[in-house]
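S.K.: First, the structure itself, so that you have it in front of you.
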Protein chains: 2
Amino acid sequence: MFKSAVFDLKHAEKEQVKEFLNSFDTVLSDCDGVLWIDNNAIPGSADTMNYFRKIGKRVFFVTNNSTKIRSDFALKAQQLGFIADENEILSTSYLVAHYLKSIGFKKKVYLIGSNGIGDELNAVGIKHVGVGPDHVKPDFKSLKPTDLDSEVGAVVVGFDEHVSYPKFMKAASYLASEDCLFVATNTDERFPKSSSIVVPGSGTLVRAVETCSERKALVLGKPHEYIRKYLESCGLNPARTLMIGDRCNTDIEFGVRCGFQTLLVLTGVTSTRDLEKIRKEQIAPLPDVVLPKLGDLLEIVKS
Amino acid sequence: MFKSAVFDLKHAEKEQVKEFLNSFDTVLSDCDGVLWIDNNAIPGSADTMNYFRKIGKRVFFVTNNSTKIRSDFALKAQQLGFIADENEILSTSYLVAHYLKSIGFKKKVYLIGSNGIGDELNAVGIKHVGVGPDHVKPDFKSLKPTDLDSEVGAVVVGFDEHVSYPKFMKAASYLASEDCLFVATNTDERFPKSSSIVVPGSGTLVRAVETCSERKALVLGKPHEYIRKYLESCGLNPARTLMIGDRCNTDIEFGVRCGFQTLLVLTGVTSTRDLEKIRKEQIAPLPDVVLPKLGDLLEIVKS
């Protein structure tokens, strides 16, 4: 029932909604655009997430944001009314640290990113350099081989407002060694547009480093499947997992790739009109189920 | 004879070399790696280029370098022993200015690039902003719509050591308007490697701006075909044109796309070993003719 065309849950019978709720044990939800927008909770989202927990679902908050550590994300969620534990936060900052620790990485990370990743690396005892402005002169002749840190064994690229030409030079120079790992948080091209200013996302920096290093990064965030592997090691059953998101080309793509059920809400990036376009032009996967907002689910249950 | 497999001119009969010399009227040569390396002439290259001119060939110097104006390139060539006029220099800095002038562009350029492009734009009376460090705070919330220049009608991306996050934000924000043109000098991923430091090329910045703007740039440099159109307007006959280069994936690719004859020299990026790999794996087009160095041609003629 939920795996063929897009099912509009808003107009479903109460029994169908119950059947839907019984079809999964684990809920993964994207954050910005589904649960909140910037620092404002989306009405009904917290009650619905808390309801999932009440009826026995495991809940995870999945975000490509790498600028905060897990405890800060959990605190934000709690302040906006969500029951949340930091162990339920799957931010790309945490995933970077978890991944490197899981493979027994012992060297140093060259980080094009923020303190969110840096602090998660600190928490697992992995050394890193690179956060903040780079003080090498922006001149392609100014970087010397002796400026490179011989302990570096991985380049990690996330969101970094201090990105610069010397940072690209360093990243590409480290990556010239085949032994150097190349990890990226996510490939989102840009942030959802809220004004005439376009805010480039981590994907912009990842593509730049991929270009100058002539290598491809291992991407940990949505829509890539690393999170599924992580969760399977925690006992998740993909067939009984629901992914909730507001973007077909990241959240829903991620859910489809992982074999999860998928629920799209229209409070973020993808609009009804976009959904129609996606249906016609097949430019991204369709969700199994759609709802105007996540809170509608609880309203139907309680009606 | 010169259009099937790679012909090693070094071991050709003198008659074959004469036939080769008679098969073209125009010579386009890449500069760095063919004529000189940094500030050192490659022995024999100047004499050979000057010989082409002496036997009546039209000569053009074609470079993806956008950091200088044409007269500076001509001066450098002259100082290294080449007869050269600035009108024979086809640098991407010049091509940007020529292209925008040719389409009657009247607005302002937002330039991620250097003074080379800036000065060529000045020469044709096109206003521009952006060269040098950007003084907007590197914080994605710091750029306001009022910081954008409403006169900007094109974003040009070339080589810029001062590239920064605010520059990516500005470029993507200008490009959000469909009317804004998007022009790039070239897509070279990196400079030829001369030490353990990798020097990212303009292509790294172009890919970044393409990613955050979700648009594709019009690329004027090699291997793209804009130069052919430019030269055809000067009366060039592609079938009787020789392109000389040191890189199969830019120079030779460019020559093949334009329908020119192609000569690869092994004094720059592509080595004999690379050429063998290209032959086997078909990862780039093969040249018609190969020579260890350009000066060998004159040696054979004069032997």
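Glycine residues also receive a Cβ, built from the backbone N, Cα and C atoms like all the rest.
As annotated in TrEMBL:
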{"type": "ACT_SITE", "residues": "A:D30", "note": "active site, nucleophile"}
{"type": "ACT_SITE", "residues": "A:D32", "note": "active site, proton donor"}
{"type": "BINDING", "residues": "A:D30, A:D32, A:D246", "note": "Mg(2+) binding site"}
{"type": "BINDING", "residues": "A:K222", "note": "substrate binding site"}
S.K.: Which of the recorded positions A:D30, A:D32, A:D246 has its Cα closest in space to the Cα of A:K222 (substrate binding site)?
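M.R.: If we rank A:D30, A:D32, A:D246 by Cα distance to A:K222 (substrate binding site), first place goes to A:D30.
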S.K.: To the nearest whole angstrom, what is the C-alpha distance linking A:D246 (Mg(2+) binding site) and A:D30 (active site, nucleophile)?
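M.R.: Answer for this pair: 8 Å between alpha carbons.
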S.K.: Looking only at Cβ atoms, how many others are within 10 Å of the one on A:K222 (substrate binding site)?
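M.R.: Other Cβ atoms found within 10 Å: 30.
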S.K.: Specify all same-chain residues, apart from the site residues A:D30, A:D32, A:D246, whose Cβ lies within 8 angstroms of the center of the Cβ atoms of the Mg(2+) site, ordered by sequence.
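M.R.: Apart from the listed residues, the neighbours are A:C31, A:G33, A:V34, A:L35, A:T63, A:G245, A:R247, A:D251, A:G268, A:V269.
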S.K.: Hey, what's the Cβ neighbour count for A:D246 (Mg(2+) binding site) at 10 Å?
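M.R.: Result for A:D246 (Mg(2+) binding site): 27 neighbouring Cβ atoms inside 10 Å.
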S.K.: Around the Cβ of the residue listed as 'active site, proton donor', how many other Cβ atoms lie within 10 Å? Please give the count over every shown protein chain.
M.R.: 19
S.K.: State the count of C-beta atoms found within 10 angstroms of the C-beta of A:D30 (active site, nucleophile), not counting that atom itself.
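M.R.: Step by step: centre on the Cβ of A:D30 (active site, nucleophile), count other Cβ atoms within 10 Å, giving 25.
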S.K.: Looking only at DSSP and grouping its letters into three states, which state does the residue listed as 'active site, proton donor' belong to?
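M.R.: Once the DSSP labels are grouped into three classes, the residue listed as 'active site, proton donor' ends up as strand.
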